[in-house]
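Data block below; observations after.
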Amino acid sequence: MVMAAEASSQLSLLSDLTPPSLERTWLTAPHPTLPIVATCSSDKTVRVYSLTNFRLLSTISGGHKRSVRTCAWKPHVKGESVLATGSFDATVGIWRRWDSYGQTERGIEDWRHADSHDHVDGMGAAGINNGGGDSADEDDEEWRFAVLLDGHDSEVKSVSWSPSGMLLATCSRDKSIWIWEDLDDGDNNFETVAVMQEHQGDVKCVAWHPVEECLASASYDDTIRLWREDLDDWGQVACIKGHQGTVWCVDWEGAENVPSAPTDLADDDPVTAQWKKAHALSGPRLVSCSDDRTVRIWRRQPKEQHQHQAQPSPSGGSGIPSIIRPTGSDEFWDEECVLPQAHDLSIYTVAWSKRTGLIASVGADGRVVVYEERFIVGSTAEAMETDHPTSADGTAADSPAALRTEWRVIATVDGAHGIYEINHVTWAKRADRGRIEGTDEEVLITTADDGTVRVWTLKM
C-alpha cells in the first residue's frame, strides 16, 4: 500500500440547507431511500431538510431535554420513516412518521420521474409539505415520539441501526454500548439485548458492518473494538490498537467496493475478479480517525491466515484459559495503511462512500479532505501474469497486496465553514435539478459548529 498526495478534483459548494439552526449542529443523516436528511442540533431539535431544494421540511422537537447529538434512520421500513435520536440527556428517542406516498418504493419512483416543478414547489420529493405557516405546524405534528429508551447514565454519543433494521446500537460517555432489539410488535416495544462495558473511556461512535451483524466502536481509550453475537451472548471479538489518541469515528467500506483503475475495468475483468475474490475472504475494511490527526484503514485477516500464523493451543496460546470468550471467536485485524497526512488538528469524522469508494474526512481545522484509492499502474498486469505461491507468513499471493493500491488526496477545502470546526461529514445521493440523470452522482454534506449544513459537489 502506497500513499500519495495529489489534489486532482474540485469540491464546490452547491448550497446551504436553509434556514440553518441558530445553535451548533452535530451530525446530518441521509435517509436510506428518500431525498431527505435529518440534522441534530444543540437546540434540542432535529431538522429534516429536502435534498431536492435544500429547504427545511419539518422540525422535530419536544422529546429531549438537552442537545440532540446523533440520529440514524431505520432501514427497510415500508410506508413510514423511523428515526432514532440520541441526546446529552442520556436518552434515545424513536420517532415515526407515515410517508405521504404510502410506500417508500413508490415515493422514490415518483422522485426519479418528477418534473422540475416537483423539485421546488408543493409537496417536494419526499411527500412532505415544504410550505410555512399552519401546514408546517401540521407536518411537525405528524412526527410521533414513539418511545424513549432509557438506560445510559450519561450523554449518548452515537446511534446506529443494524443492516436488517432489527437491532439498534447506542453508545455513551458512560463507557457502555447497548444493543436494543425492535420487537416490531406494533406497540413500539424494544428489548435490551446486550450491554457491553469493555471500553475504558467515553465511547464516541458505533457503526454496523454493511451486511453482517457485527458492530464496530470507537473510544476515548484510543481503541476500536469489534462485537459479535455468539451463542446468544454478545461480546468483544477484537480490540484494535494503533491510534495515539481518541478515536472519534469508524466507518465501513462498501461490500462491493473496487479501487479505481488507470482505465475503466469491466466487472468481469480478471483484475476486478481477483480483487473481489480476495476482498470476499477478509470482508469490508474499516476506516478510523483520531485526535492523533491520522486516518487509518484496517483489514481483517481471513481465518485461514491467522490460524496458519498462530495455531493457538486449546487454552488460548498463553496457557491461561479464557473465561470471557472462546478463542475460536476472536478476529485479527491488521493496519493496512495510514492515509496521506492532510489535517492539522483532530479529525472528528470519516465517511466511506458505499457508491464510489471515496473517503472524506473533517475535523477541528475546518478542512474537508477527499481521498481516492487507485490501483498502481503496472501492478495489475504484474499481478495477473505472475504465479503467486503462498508466502511463509501465510499471506495468499492473490490477496489485495498482490494488486498494489495507493491512496491520494484528490480534493480539499480549507475553511469550509469559515472559522468553525466541522463536526460531521457524510455522502448522499444527489437529488436536485442539477444532477445527471441515470447516474448515482453523490454530494458531500458537512455539519458544523456555526449551525450550518453545507452540500458540496465533487468534480472529478
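Numbers run from 1 along the shown chain.
Every residue gets a Cβ built from N, Cα and C, even glycine.
Lifted from Swiss-Prot, the feature list:
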REPEAT    17-59  repeat 'WD 1'
REPEAT    63-105  repeat 'WD 2'
REPEAT    151-190  repeat 'WD 3'
REPEAT    198-237  repeat 'WD 4'
REPEAT    242-308  repeat 'WD 5'
REGION    301-325  region 'Disordered'
COMPBIAS  312-324  compositional bias 'Low complexity'
REPEAT    342-381  repeat 'WD 6'
REPEAT    416-457  repeat 'WD 7'
Overall pLDDT of the repeat 'WD 6' (342-381), taken as the mean: 92
Whether the repeat 'WD 1' (17-59) meets the repeat 'WD 7' (416-457): three or more C-beta pairs under 8 angstroms: yes
Contact ranking winner - 63-105, 198-237, 416-457 against the repeat 'WD 3' (151-190), Cβ under 8 Å: 63-105
Tertiary contacts of the repeat 'WD 7' (416-457), as residues 6+ beyond its ends and Cβ separation under 8 Å: 11-17, 20-30, 35, 37, 39, 41, 49-54, 111, 116, 119-120, 125, 348-351, 353-356, 358, 360-368, 370
Residue counts (helix, strand, coil, in that order) that DSSP gives for the repeat 'WD 5' (242-308): 19 helix, 18 strand, 30 coil
DSSP-derived helix, strand and coil totals, residue by residue, for the repeat 'WD 4' (198-237): 0 helix, 25 strand, 15 coil
